[in-house]
């Protein structure tokens, strides 16, 4: 028994440093992924814009994305709950707009490129203009949010937490304006020659003239047709239709 006890102590003495090194390695990797870091923000934005440039079929109205610290702060607050349940839309609202949301959870910190790649891989189940199957095992919402033409701001966060005693890492990105409109989710962008919708505001196949406002009514074109843009309803809920002329909206 004494020999077995001694062997156990030796094994434990060897194992503990290994576990400590593994925890330190995970912590170091996590610290390199936090979105307070400018290089991480740049990586996230650049990957999204690269993916948006290469959609098939090509997009005529795809906006260039930029980092939003306000959206990122909302994502940081929500990510700390370590909950994969979609957040309340009011918790991811910005002035003049609402934001969409993508989430992913891992057991070990992986690169943002890998996470965004997982979301984008849903494109294999999506065909522009066609409605995706209702099969519960198939989702394309993460992909369509990434390539939603009018989403021009992005802010993301990563949180370290534990579930049932095991480490977990929650990745959250907020996209503004929000995408995945149920009525048009099969067409996240307009097809055509890149920048066809913004010939005077084009940068490497992406439009740079977003409408900063958001229509909160789905039928604002009808509302404005009958009420005009000076009516209290359209002033509050149809700002994009009333205030943006040539901008992408």
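Residue positions begin at 1 at the first shown residue.
Just so you know, glycine gets a Cβ as well, placed from its N, Cα and C.
If you check Swiss-Prot, you get these features:
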type	residues	note
SIGNAL	1-21	signal peptide
DOMAIN	45-175	domain 'SCP'
DISULFID	195-202	disulfide bond
DISULFID	198-207	disulfide bond
DISULFID	211-244	disulfide bond
DOMAIN	211-244	domain 'ShKT'
DISULFID	220-238	disulfide bond
DISULFID	229-242	disulfide bond
CARBOHYD	230	N-linked glycosylation site
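Structure with Swiss-Prot features highlighted.
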residue : record                      : Cβ within 10 Å
195     : disulfide bond              : 21
198     : disulfide bond              : 22
202     : disulfide bond              : 16
207     : disulfide bond              : 26
220     : disulfide bond              : 21
229     : disulfide bond              : 14
230     : N-linked glycosylation site : 8
238     : disulfide bond              : 24
242     : disulfide bond              : 19
244     : disulfide bond              : 17
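Only 242, from the disulfide-bonded residues 198, 207, 220, 242, place their Cα within 10 Å of the Cα belonging to residue 230 (N-linked glycosylation site). In this structure the alpha carbons, written CA, of residue 229 (disulfide bond) and residue 238 (disulfide bond) are 8 Å apart. Beyond the domain 'ShKT' (211-244), the same-chain residues lying 6 or more positions past its ends with a Cβ under 8 Å from any Cβ of the stretch are 96-98, 150, 177, 181, 183. Mean pLDDT across the domain 'SCP' (45-175) comes to 95 in this model.
A coil conformation is recorded for residue 244 (disulfide bond) in the three-state DSSP classification, outside any helix or strand. Rounded to a whole number, the distance between the Cα atoms of residue 220 (disulfide bond) and residue 195 (disulfide bond) is 25 Å.
Nearest in space to residue 207 (disulfide bond), taking C-alpha to C-alpha distance over the disulfide-bonded residues 220, 238, 242, 244, is 244. When the domain 'SCP' (45-175) is classified with DSSP, helix, strand and coil residues number 44 helix, 35 strand, 52 coil. Comparing C-alpha positions, residue 220 (disulfide bond) sits nearest to 242 among the disulfide-bonded residues 198, 202, 211, 242, 244.
Close to residue 211 (disulfide bond) in the fold, though at least 6 residues off in sequence, lie 150, 240, 243, 244, 247, 248, 249, each with a CB less than 8 Å from its CB.
In this structure, the C-alpha atom of residue 238 (disulfide bond) lies 22 angstrom from that of residue 198 (disulfide bond). Note: the CA-CA distance between residue 202 (disulfide bond) and residue 242 (disulfide bond) rounds to 23 Å.
The separation of residue 198 (disulfide bond) from residue 242 (disulfide bond), Cα to Cα, is 19 Å.
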